[in-house]
Amino acid sequence: MAPGSVSSVSSSSFPSRDTSPSGSCGLPGADKPGPSCRRIQAGQRNPTMLHMVLEALKAREARQGTSVVAIKVYIQHKYPTVDTTRFKYLLKQALETGVRRGLLTRPAHSKAKGATGSFKLVPKPKTKKACAPKAGRGAAGAKETGSKKSGLLKKDQVGKATMEKGQKRRAYPCKAATLEMAPKKAKAKPKEVRKAPLKQDKAAGAPLTANGGQKVKRSGSRQEANAHGKTKGEKSKPLASKVQNSVASLAKRKMADMAHTVTVVQGAETVQETKVPTPSQDIGHKVQPIPRVRKAKTPENTQA
């Protein structure tokens, strides 16, 4: 086939392109000049009516609220493409839903109902920001120095940094804990005092007193008694001789007292004689009897 025939077939097989003006859409009556079909189909979407009402209240925020008329004027001025036929109904529904959800309120002492009166936004509750824990000055300084000199630290500096971290992580004991532990250590268990068995004084035989089994103090202590006993034994020997001498002197005195004078008349002369009685048994010294000695009899024959 000739090359010319191919071109003729291809041109006849495919339909010719539409040479209609840009404004036409292939619909009847589309030849009229006007906006393109794409613009009409896509359109400009408006936000919801509730969103527009909230935006109007934020823009015209007042202390006593914003009236419904002011809300309408704001929406129509900013969104001119809103459907005017349904605008009143949509606005009433948006105000009711906003009040039901707690987004809108009426000002105090307001008696209006429906899509009348004025509205205002509900104030949001103020939330207190949680205070972040303040980092210590030493920790912040250590972080800054560590970030700056991380690549330039030597072995000695690395060792120091690890020591600093260990010291910071160390938990220091609280003062209250130390104060509470101190009296516990100071307290010591009292030693059990064993009561000594009660003993009576054998020498005196006196009963014990009520105060802890202590004996009643006497005039002479045991030490004095012991000292007296020692001195008594030492002085007993010279005293024995003195006692004997005193007994002898007493015997002589008694003998002298018992002696009486007897007057004897001998002629013209009178003689006084003193008779001394023999010592009796009640005198201190007893008279020992003289032993009798038998005389040996000699026979007469022997004498001769």
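Even glycines carry a Cβ here, placed using N, Cα and C.
Since we're looking at a predicted model, the values are computed, not measured.
Here Swiss-Prot flags 1-24 (among others) as compositional bias 'Low complexity'.
Taken from Swiss-Prot, the feature compositional bias 'Low complexity' covers 132-144 (among others).
Annotation source Swiss-Prot lists compositional bias 'Basic and acidic residues' at 153-166 (among others).
The compositional bias 'Basic and acidic residues' annotation in Swiss-Prot covers 189-202 (among others).
Residues annotated as compositional bias 'Basic and acidic residues' in Swiss-Prot: 225-237 (among others).
Among the features that Swiss-Prot reports, compositional bias 'Polar residues' is placed at 270-281.
Taken together, the residues of the domain 'H15' (45-123) have an average pLDDT of 87. What Swiss-Prot records for 45-123 is domain 'H15', and it gives sequence analysis as the kind of evidence.
Under the heading region 'Disordered', Swiss-Prot lists 1-38 (among others).
Here Swiss-Prot flags 110-248 (among others) as region 'Disordered'.
Under the heading region 'Disordered', Swiss-Prot lists 270-304 (among others).
Feature annotation from Swiss-Prot assigns motif 'Nuclear localization signal' to 154-170.
Per-class residue totals from DSSP over the domain 'H15' (45-123), listed helix then strand then coil: 37 helix, 8 strand, 34 coil.
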